[in-house]
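Please read the structure below before turning to the comments.
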């Protein structure tokens, strides 16, 4: 029977000092012996996805205390990728994931907490907390802040839905008037919550459902809706039950590594492909799997991508649907239900509620459930009122979207595409693979060949795109922006958005060893591995080289002879200490970022730290 970790600091005469300090936090004699549960919050006023979380930790803590536990709350950092986008701030985004994971480990292990409730929401916060949870392997439940309502505005006598990406594109489009750009900007992000499309934050919060570490509704129920409060109340109660099951009944099924098993990771990736999630999810799932010591690699993702259809299409791949529409159609469980009926899921998995996949679907799939309360929860909709307050409205759709032929979520027979929303490509400058969000690629450019325009920084590429130096048919290559080369593997949302602004969204490709925002669509290929800074062949591409992209056949090829590539590699190596670095780039890199770069691996490894360099 495992002993409560917290007993290390609460029992024994030699821990009198520790108990004295615990008493100073409000604990009493009656609390020593109860499980100490960390409420890992991420409230910050910098991020709309987190601005409403200030009081939600207290909400969870009250339920923990009522159920017989002791709750202790702390906060992690949280970077807003949208605000950090397009300048040096983006260098810090991905490295913040490792800082978050480490800070959770530091706090939980330093104070010997027994379990956690992770209150996350945005891009790197959920992955960082997920990595920490699987590293620590103590009972955990995730409950996110929830999605933002979609923006809405009237243009040309028509009400249209908007999000952050629309504001970016229109702001850079010279054909759009100042007044229209201002109107879109003011309407794009109307409420608290994670940005309203199937961007990275919402993708990851959906995947925690598929991994079994969060409750049904976590990924899609709006931040503003009163129904979301119940997820926080339930999490506080349930974590005490899971904690006691493990420590008092020796039930290891309550541990995250047993819930988020290899089968669960495969289900999560299957969901990701079917819903056309952000390419960043590949990076984060690979990283989380390593923390869980699960053999889950790019090869597994490639195999799944070849057999899983696209059953859901959401912004940025279409402006018709946002997360509020996914929820109305049944949310994550609705998509999992269709995948299960198609025979594409591992059924022998459980979630934090203790339910198997079939039991979860029977209870929560809107196509199966007889529970009116569940159906009512999935009718929770937007209010259209600007707010930064959680649970501030209780509007409902008149009906569910259960149209699996023409609705937001489709059945296998009516799939948007027989190929899923993500694909892994391989070729002579992406030997370890690269990722494309096929959900956002127009059918006309699934095969594309063009001359390379090579840039050694995102800034130079943006200047060229906006300056008219990139023309239809070009393949824009942005290198030395990987985890090590950037450092920090910047997101390329501005270059891809500006290609659209210049009318080139369906006429050009963009390839990078960096990554993309979940808001990116178009022929945008990222995570090229190995990255240029690690000696990857993307560092050998020259202006004018032809690059052939073949998504249906999962290929990407630099049309240069092996002999020529060998000669270029020899010339690169001859640069000595300057080999595999940008030739003409001045970038101030802080010590903190240099420390990150010194251990960073390429994207095919999840951009995690290279343990071999630390003797691990």
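Yeah, the Cβs are placed from backbone N, Cα and C, and that goes for glycine too.
Summarising the annotation, Swiss-Prot assigns Mg(2+) binding site to 81, 123, 124, 491 and lists sequence analysis as the type of evidence. Within the same chain, residues at least 6 positions away in sequence whose Cβ sits under 8 Å from that of residue 124 (Mg(2+) binding site) are 78, 79, 81, 93, 94, 96, 97, 100.
Per Swiss-Prot, [2Fe-2S] cluster binding site is recorded for 122, 195, and the stated evidence type is sequence analysis. Applying an 8 A CB threshold to same-chain residues 6+ apart, the list for residue 122 ([2Fe-2S] cluster binding site) reads 42, 47, 49, 50, 78, 79, 80, 81, 194, 200, 201.
The N6-carboxylysine annotation in Swiss-Prot covers 124.
The active site, proton acceptor annotation in Swiss-Prot covers 517. Residue 517 (active site, proton acceptor): 30 other CB atoms within 10 A of its CB, across all protein chains.
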Hey, how far is residue 195 ([2Fe-2S] cluster binding site) from residue 517 (active site, proton acceptor), Cα to Cα, in Å?
11
Specify the secondary structure state of residue 81 (Mg(2+) binding site) as given by DSSP, simplified to three classes.
helix
Could you state the whole-number distance in Å separating the C-alpha atoms of residue 491 (Mg(2+) binding site) and residue 517 (active site, proton acceptor)?
5
What is the separation, in Å, between the Cα atoms of residue 123 (Mg(2+) binding site) and residue 517 (active site, proton acceptor)?
9
What are the other residues, in sequence order, whose C-beta lies within 8 angstroms of the center of the C-beta atoms of 81, 123, 124, 491 at the Mg(2+) site?
79, 84, 93, 94, 122, 200, 201, 280, 517
